[in-house]
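Data first, discussion second: the structure below is written as structure tokens.
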């Protein structure tokens, strides 16, 4: 995990999302934001479906391994917060390295002071408004946006949002992302030296080839010339 953390420090979720496209892996992205801007997060998913009571989270912590990220499904509700300072503090004590919430948080200042990475849809002062029956498999899966994630997934977060990837493909995707990052950095340096991106990716050649073959996509052209813009 420490090695992955070091590698992620030089990557972004955008690099990894592009790697997913290149590897034909579903791009499971969600536009969530860190309570503290600039926060980065990664780790295996520990799912939990919120039912209005903190006991679901406490039970999840009992099952968590150090380095896990609690992924909370509160149905995307915007009328209540389901995570506050005490849950964040308990998560940190349990060795959890972050919390991702498909819903809202509260106690923003206290969570920032605790220092645990927390990503959510936003904040509201109101706590849980009701308690519902615990669903079967409450700690087996969580829905975040349009995606259902389990312990078979790995989560990464930064200022662009949150990305879920299959755990068994993390190494492959990191390798692809590093290649994309390096290509983009080279392209940026060359732009700085006075060579436009259009020249680098031979955009004139693409337009000419598209005249001959209207079905040709720019991504196909980029792959042929070794460019990296969209993936």
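Yeah, the Cβs are placed from backbone N, Cα and C, and that goes for glycine too.
All annotation found in TrEMBL is predicted automatically rather than curated by experts.
Quick caveat, the model's predicted, so the values are computed rather than measured.
In TrEMBL, the substrate site is described by 84, 85, 86, 87, and among 106, 112 the residue recorded at this site is 106.
Counting only the Cα atoms, the space from residue 107 (Mg(2+) binding site) to residue 84 (substrate binding site) is about 5 angstrom. Within the set of binding-site residues (85, 107), the lowest number of other Cβ atoms found within 10 Å of a Cβ is recorded at 85. The maximal spread of the substrate binding site, taken as the longest Cα to Cα distance among 84, 85, 86, 87, 106, is 11 Å. According to DSSP, residue 85 (substrate binding site) sits within a helical segment.
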